[in-house]
Amino acid sequence: MRVLFFVFGVLSLMSTVPPTRSFTSNDECPSEYYHCRLKCNADEHAIRYCADFSICCKLKIIQIDGQKKW
């Protein structure tokens, strides 16, 4: 009887916890500055996965220091 209550408790807990990824979420890259690819270029880094299991890539922001003044 305890095992039956334990199984029902686990099933009810699993039904109340929301799934980790919702089907209503937007799986596309958010703007024109992002691109879905299988591999990011050297000047890009991965943001998230797209709907077709490719990677959403974004350009890296590289700040170049100006000339150092003594």
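Glycine is no exception: its Cβ is also placed from the backbone N, Cα and C atoms.
If you check Swiss-Prot, you get these features:
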type: DISULFID; residues: Cys29-Cys56; note: disulfide bond
type: DISULFID; residues: Cys36-Cys50; note: disulfide bond
type: DISULFID; residues: Cys40-Cys57; note: disulfide bond
type: SIGNAL; residues: 1-22; note: signal peptide
**Report entry** Top Cα neighbour of Cys57 (disulfide bond) in the set of disulfide-bonded residues Cys29, Cys36, Cys50
**Finding:** Cys36
Query - Those disulfide-bonded residues, out of Cys29, Cys50, Cys56, that come within 10 angstroms of Cys40 (disulfide bond) at the Cα - result: Cys56
Query raised in the report: How big is the gap, in Å, between the Cα of Cys36 (disulfide bond) and that of Cys29 (disulfide bond), rounded to a whole number?
Result: 7
Query raised in the report: Within 10 angstroms of the C-beta of Cys40 (disulfide bond), what count of other C-beta atoms is obtained when all protein chains are considered?
Result: 17
Requested in this report: Do me a favour and check the Cα-Cα span between Cys29 (disulfide bond) and Cys50 (disulfide bond); whole Å is fine.
Outcome: 7
**Report entry** Cys36 (disulfide bond) CB neighbourhood, other CB atoms within 10 A
**Finding:** 17
